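Student: Let me give you the structure first, and then I'll get to my questions.
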């Protein structure tokens, strides 16, 4: 059984960013909530949209920050502090340039890889990087100078379909993670590639 108590989906706020690659983490949390017939509601004290799920008999909070990406740690730290949730009880879903669309991977800890949302969360959790991550592949534009425009752009439908399929599999693997353990969830998710 997993000890995850908070699942966060990283995003930029507002309709103009809703369909951009950088919001893939929020797409995952929205899909997870939908699969349990829940919706997220804005809760200003946590600087985001929140919900509460019973996942495999465990009480789990969901959070999509309404801060800009580079301030995501403010929301995560507010909720973690209020509910006394430790970093290793947090799963952060985020877009990942180093994975192709259609692939998602779980991991514990590590650096921020240049991701400003992860960078701020690590900082606001007292420079503690030891939280779980769900890395949702969005691909890479091939040139570092094009990354900002790429993550703030909308994927073409062919890529969106692959990302959505990986997110659906990640939702199924989250249930395995909660019922069983991280290793079983990782083994299944890491074997998946949307085609």
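A Cβ is built for glycine as well, from the same backbone N, Cα and C atoms used for every other residue.
So Swiss-Prot says this about it:
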ACT_SITE  22  active site, proton acceptor
BINDING   17, 68, 70, 116  tRNA binding site
SITE      12  site 'Discriminates between blocked and unblocked aminoacyl-tRNA'
SITE      95  site 'Stabilizes the basic form of H active site to accept a proton'
Student: I'd like to know which of the recorded positions 12, 22, 95 sit within 10 A of residue 68 (tRNA binding site) at the Cα level.
Tutor: 12
Student: Can you tell me the CA-to-CA distance separating residue 116 (tRNA binding site) and residue 95 (site 'Stabilizes the basic form of H active site to accept a proton'), as a whole number of Å?
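Tutor: Pair distance, Cα basis, whole Å: 11 Å.
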Student: Using only the residues recorded as binding tRNA (17, 68, 70, 116), report the maximum Cα-Cα distance in Å, whole number please.
Tutor: 16
Student: Taking only same-chain residues 6+ apart in sequence, whose CB is under 8 Å from that of residue 70 (tRNA binding site), what do you get?
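Tutor: Non-local contacts for residue 70 (tRNA binding site): 116, 117, 119, 120.
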Student: Under a three-state reduction of DSSP output, how is residue 116 (tRNA binding site) classified: helix, strand, or coil?
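Tutor: DSSP assigns residue 116 (tRNA binding site) to helix.
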Student: Could you list the residues of the same chain, at least six apart in sequence, whose Cβ is under 8 A from the Cβ of residue 12 (site 'Discriminates between blocked and unblocked aminoacyl-tRNA')?
Tutor: 20, 22, 23, 68, 69, 152
